[in-house]
Amino acid sequence: MPGSVKLRSVKKFGQENVGYEFTDEETNADYMSKKGKKDESAIRVSFFQLFRFASCREICMMIFGSLCAIAHGSAQPLMLLVFGMLTDTFIEYDIELNELTDPEKVCVNNTIQWRNRTEEENLALNMTKSCGLLDIEYEMTNFAYYYVGIGAGVFILGYLQISLWITAAARQIQIIRNMYFRKVMRMEIGWFDCTSVGELNTRMSDDINKINDAIADQVGIFIQRFTTFVCGFLMGFAKGWKLTLVIVSVSPLIGVGAGLMALFVAKLTGMELQAYAKAGAVADEVLSSIRTVAAFGGERKEVERYDRNLISAQRWGIRKGLIMGFFTGYMWFIIFLCYALAFWYGSSLVVDTQEYSPGTLLQVFFGVLIAALSLGQASPCLEAFAAGRGAATIIFETIERKPEIDCLSEAGYKLDRVKGDLEFHNVTFHYPSRPEVKILDQLNLQVKSGETTAFVGPSGAGKSTAVQLIQRFYDPKEGMVTLDGHDIRGLNIQWLRSLIGIVEQEPVLFATTIAENIRYGRPGVSNDDIITAAKEANAYNFIMDLPQKFDTLVGEGGGQMSGGQKQRIAIARALVRNPRILLLDMATSALDNESEAVVQEALDKVRMGRTTISIAHRLSTIKNADVIVGFEHGRAVERGKHDELLDRKGVYFTLVTLQSQGDKALNQKARQEMEEAESSAPDPERKSLNRAGSYRASLRASVHQRSRSQLSNVVPELSVAIVGELGVPQEFQGKSALPDEDLEEVEPAPVTRILKYNAPEWPYMLFGSFGAAVNGGVNPVYSLLFSQILATFSMPDPVEQRREINGICLFFVVVGLVSFFTQMLQGYAFSKSGELLTRRLRCLGFQSMLGKEISWFDDHRNSPGALTTRLATDASQVQGATGSQIGMIVNSLTNIGVAIIISFYFSWKLTLVILCFLPFLALSGGFQAKMLTGFAKQDKEALESAGQISGEALNNIRTIAGLGKERNFVEMFEEHLEAPYQAALKKANVYGACYGFAQCVVFMANSASYRFGGYLVYREGLHFSYVFRVISAIVTSGTALGRASSYTPDYAKAKISAARFFKLLDHIPKISVYSDEGDKWDNFKGDIEFIDCKFTYPSRPDIQVLNGLSVSVRPGQTLAFVGSSGCGKSTSVQLLERFYDPNNGRVLIDGHESTRVNVAFLRSKIGIVSQEPILFDCSIAENIRYGDNQRNLSMDDVITAAKKAQLHDFVMSLPEKYDTNVGSQGSQLSRGQKQRIAIARAIIRDPKILLLDEATSALDTESEKTVQEALDKAREGRTCIVIAHRLSTIQNSDIIAVMSRGYVIEKGNHDYLMGLKGAYYKLVTTGAPIS
């Protein structure tokens, strides 16, 4: 383990916690070295460190709770004292009866005498046994009172012990959650690049719950059982040390077993968690990119990949079951051996040497036995502690980790006056998640205050990276960035970021209202300022058109808004900050023609007097910058004005000339303009063809360009609302902002159906049940043997007595052996069936999820996060209803069945009396279970709202950091934790009361039954051993019943989880990928026709997206869609892919109606390249192979496709060539590189229809040209649908369809449309972007 950890004083909550001092090795170990960490132990937190966050009040509660637990623990040994006296009384009475059965003897003056002898003779014969003095009923009444008293005490102590511990834990868990979230929000962005958001969300929920289990009631119960253990032994030594020593000599065997078991279980649990995490990551990635998966028909492949990752988790689970079974069996075996030994030796002490009375024997034996048993019962608590410590390791390490760039720290200077001069001095930088790729290489660059500096250059040259360094998301590895001559590392971060307004290409909006989103720009901003900012950003008009104006919810990630609208809201958000430094990262690329000019004007206005850095591919936005800086390979290679750079014929020149090759007429215009080249305000013509790299990025999801978990929009227009998934802002929570279905109750699933899924494992379950049945019979058999031993003590004949005792002891050994094998059988068989079931369900669930129609994923309840959680938790909880649960049920049933048969056989009257208590015994268990499931559900709901906030925060961490809003999110999160905390406090009381009741019922049952037993012995001459036999049989089986019902929370949880799961499996997708139904035909030509299609997204039924779209393409033709964003271009593409079906109208493919065509067949004929391609976290070759999942592709196929996509040379320049991992979401590559991989992926499937959705927009001009060539090649002989902004890419299309508001306003080829002088002509001549 790198570095040692020393515990220093832990400061109070709220201060920075410097609880640990790490030696140097730990801090220096870069957090990327994850691989090295795998070898360390998974648990690096000691048990008492779990309580680091307890305040004085909690510590007092825990101490008092522990005292109650100690008192409670001593109750059982106390009861044994009473029990010993009671036994002695019974035996004395029985001996007296035995004596008097002899007709020669008679009771005279309270002594037993021979009938026909005198007093002297009797004395001489030593006849002094008393008789008639023993009023058995009176004695039993006294004992009954003792029992009731102890029972009442136990009730109160049990209640206090549990409720105090749970209350204390609830508070600490709340603190841990807060501290963890707060710390995660403080981490530098580089840390997020290396930690997946899914993993963090899991930790927030599951791991912290594990800590909760380790520090709540389990501790109280552990202390109670441990006290019982100590008191039991003390009693044994006090009453009879010889026998105690004999028993103790065997007990290390039990202790060793228990210790090993805890050790193994903790280890295996850790391994199992690690193994599942991998599968979870796969699921998360696939569900986030569901559109890509669907488009390329990768469903089956993904299910297999997921299943492969499940195997190892299953293996660890089975091992865990086997080991637990082995150790349980081993412990029972030892316990039965102890019985045999103790009774054999103890009886010789009673009978032969007469050192003990039978009562003492029982006290000693049971004292030691209860001690040993309670030690055994304490072991599950150890398991919880171990799991808690394992979970706490990572969480506490995160809480302790010092962020390299701490965004909430108060340290650092705040300058009084800010001019806004930025300078890069020899900056070298690589992203922490891929240290081997240099992004910036000795970058030197000046940005003067008040000037507008434009960064241009190919994608991947480091433009955006430079901007991120200014925001101090990362620190340079060498060199420094200065603001007004001060190194920004010395400035206060929050203050620095508050000077900066940033507008990104894909702005991230939060799931709240428009006004709130703008308000995020600066806290405490007035409504007037918001309106002013909206006006400046040209957003005011469209906002006022919305029904709810500024109070309109934008949906998760701004899903309800079109790209242009989101962009303008983001600009308003940046303007409201009144920033000194404005960073525009392709800020206008997502806007449509009309608004772009206006927003550009707004930006020009607000740029005045501010230091502005603009990154753009579009010349119109760059030309009038004060300084243009050309980037290449991480260096600034040239700077100057537009004209100077054109004369230099460097990077900028290539960019401009490549961009300007469009239509000839346009070209001439451009030449004239260049000759005139006055830097006057850009008139519309000027902008004409400078449309170059217009990025349109109307990907509505927050896809930040480097790393971001995102909604998988293969297709941008896909903004379908995912409202609410991340919570509606508080004000709305009350109103029905979310659909009511959310509140629907799931009926718990019938067990029979769960068992159906477990059916293939029936042999395992049969053997397991057999084992469980035998184990269940052991308890009653034990009570038979035990009462038999008592009966021998009142036997008159010593020889017979000895023989009887030996026989019984031998029988104990046999029972022990049987028990060992059956326990092991039960443990293994059920864990095997349970793990197989879990894996099967996860697989089926995942498969079912991937088979759903796309609109299902638009529902906020089915966000990737929610679905992965469902796979992780629900599936594993279902096994609680099959294997082990069946085991428990069979065990308890045989236990109770055998017990009741035995007791009715020996005394039906007494049995009936005791049976009155059985319902209470069972009830207490059941009641507990009921309470817990109720709570579990509430807890889950309460935590979900907090989880939504944390999810939204972690997904958009960059935007939040840029806005300096970490504190707000931390505060919102803390508010949402209040509810679960209150619920936990309520739970503490109820659960405490149930526990107390459950514990005291046994005492009450005993008091009544012994009293009645005394009556029967006296009045009806029942033999006393039968009283013990009946009582111990039923009471032990009753507690077993209680134990079984204590498993019911798992059981109820399991049924609910199963119900949720079955709901998932039963939901029949409207568009089924897996079905073989539907037309398939051989000579697929690719003739496409849209006839009067109308469509609204299911998640936003009020917005008509397509309004009677009619357009057709013959095979081999190219159709280009142009139009402003939100007009339905991408939607039509999605109808063709059958992600959705039109509400009215038809889509015909080769004359077949799309709804009748087999989905998989149709999609296999379509290749798609979208603007923001989504790559999977695997090698480049794997990503390209993904294009065709129907056949196995050789490496040659991959290379051919890569060459066609102009990708091959770039790949060969990488250290690992085609095996280079692209990182999650392809974060290790620049956009242009990702785009080419996506094109190769589309080419490799050799599709008949090619859909290019903005396929080249993200590329810089050089690669754009090559890719465009590749695409032109790829288009030959294929039907092609292009959505593009650049007229140069469209002009040679066969049909150009101009769309507006969901229908085609004009269509024809370029020349025809130019002749019409309609919308298209205007677009071309004004050169405004078409988005």
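Each residue, glycine too, has its Cβ placed from N, Cα and C.
In TrEMBL, the feature transmembrane segment is placed on 762-785, out of the ranges 570-593, 762-785, 1050-1073. The transmembrane segment annotation in TrEMBL falls on one of the ranges 219-238, 979-998, namely 219-238.
In TrEMBL, the region 'Disordered' annotation falls on 664-689 of the listed ranges 638-663, 664-689, 1210-1235.
Long-range contacts of the transmembrane segment (244-266) within its own chain (CB-CB distance under 8 A, at least 6 residues past either end) are made by residues 43, 233, 236-237, 320, 323-324, 327-328, 330-331, 334-335, 337-338, 341-342, 345, 364-365, 367-369, 372, 375-376, 379, 382-383, 386-387, 389-390. Within the same chain, residues 332, 339, 808, 811-812, 815, 818-819, 821-826, 828-830, 832-833, 836, 882-883, 886-888, 890-895, 897-899, 902, 1028-1029, 1032-1033, 1036-1037, 1040 sit at least 6 positions outside the transmembrane segment (762-785) and bring their C-beta atoms closer than 8 Å to a C-beta of that stretch. Through the fold, the transmembrane segment (322-344) approaches residues 243, 246-247, 250-251, 253-254, 257-258, 260-261, 264-265, 268, 365, 368-369, 372-373, 376, 775, 778, 782, 785, 789, 805-806, 808-810, 812-813, 815-817, 819-828, 831 of its own chain, all at least 6 residues removed from its boundaries and within a Cβ separation under 8 Å. Outside the transmembrane segment (886-906), and at least 6 residues removed from its termini, the chain residues within Cβ reach (under 8 Å) are 765, 768-769, 771-777, 779-781, 783-784, 826, 830, 914-915, 1026, 1029-1030, 1033-1034, 1036-1038, 1040-1041, 1043-1044, 1047. Regional average pLDDT for the domain 'ABC transporter' (1088-1326) in the model is 78.
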